[in-house]
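Chemist: Residues annotated as compositional bias 'Basic and acidic residues' in Swiss-Prot: 131-142. What Swiss-Prot records for 143-159 is compositional bias 'Basic residues'. What Swiss-Prot records for CYS51-CYS93, CYS82-CYS127, CYS86-CYS129 is disulfide bond. According to Swiss-Prot, the N-linked glycosylation site annotation covers ASN100. The region 'Disordered' feature in Swiss-Prot is assigned to 131-159. Residues annotated as signal peptide in Swiss-Prot: 1-26.
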Amino acid sequence: MNFLLSWVHWTLALLLYLHHAKWSQAAPTTEGEQKAHEVVKFMDVYQRSYCRPIETLVDIFQEYPDEIEYIFKPSCVPLMRCAGCCNDEALECVPTSESNVTMQIMRIKPHQSQHIGEMSFLQHSRCECRPKKDRTKPEKKSVRGKGKGQKRKRKKSRFKSWSVHCEPCSERRKHLFVQDPQTCKCSCKNTDSRCKARQLELNERTCRCDKPRR
């Protein structure tokens, strides 16, 4: 009887040991999950977000706005550009050293031809935080005086300050539009005759040459 009780006791002990060993092997996975949700240290965040050259995908049309007759493949390219934060709101991240890089891009002329050619792009190699440039010139105070000339000058200065605040024609495709700085009116760079020469139609909403609707 004592032998039987002793055997049962050791069997239970062995089962408990095996159960514990199984959970011990699974423990590294739990630690790995905790590591994946680890809080990023302040200095790591600071260094990675500070003003520096970083790879950015840039739209080719942004660099070559006048070549609207082409379709580029790929439509964007990876370039090193200055980006990041500065310690003061009065400062901005600007390039202090630049270089050119040449890439092979496919140029496609719809219904005509396509070829792979070389295109040059600007890259930033060094960046610094420098004082922001004042983009709006301070308006000069008009001298008090009589006459139509003084009134015309005052009207002109008021009109200039208003024209600075024109909303852009299109955020994504600025290169396809032309904006009158005085009236803020947007018009297409492409013309109807230019599109028809390529057997296309001018889309006045997007200012692109599209295939004719049937």
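Each Cβ is built from the backbone N, Cα and C atoms, and glycine gets one as well.
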Chemist: When the Cα of CYS129 (disulfide bond) is compared with the Cα of each of the recorded positions CYS51, CYS82, CYS93, ASN100, which one is closest?
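Modeler: Considering only the listed recorded positions, the nearest one is CYS93.
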Chemist: Checking the recorded positions CYS82, CYS86, ASN100, CYS127, which are within 10 Å of CYS51 (disulfide bond) at the Cα level?
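Modeler: Within 10 Å of CYS51 (disulfide bond): CYS82, CYS86, CYS127.
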Chemist: I'd like the Cβ neighbour count for CYS93 (disulfide bond), meaning other Cβ atoms within 10 Å of its Cβ, all protein chains included.
Modeler: 20
Chemist: About how far apart, in whole Å, are the alpha carbons (Cα) of CYS127 (disulfide bond) and CYS86 (disulfide bond)?
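Modeler: Computed Cα spacing between CYS127 (disulfide bond) and CYS86 (disulfide bond) is 11 Å.
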Chemist: Near CYS82 (disulfide bond), which residues of its own chain have a C-beta under 8 A away, given they sit six or more steps off in sequence?
Modeler: CYS51, ARG52, PRO53, ILE54, CYS93, VAL94, PRO95, HIS124, CYS127
Chemist: List every residue in the same chain as the residue listed as 'N-linked glycosylation site', at least 6 positions away in sequence, whose Cβ is under 8 Å from its Cβ.
Modeler: SER120, PHE121, LEU122, GLN123
Chemist: For the disulfide-bonded residues listed here, CYS51, CYS86, CYS127, CYS129, which shows the highest count of neighbouring CB atoms within 10 A?
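Modeler: Result for the most crowded candidate: CYS127.
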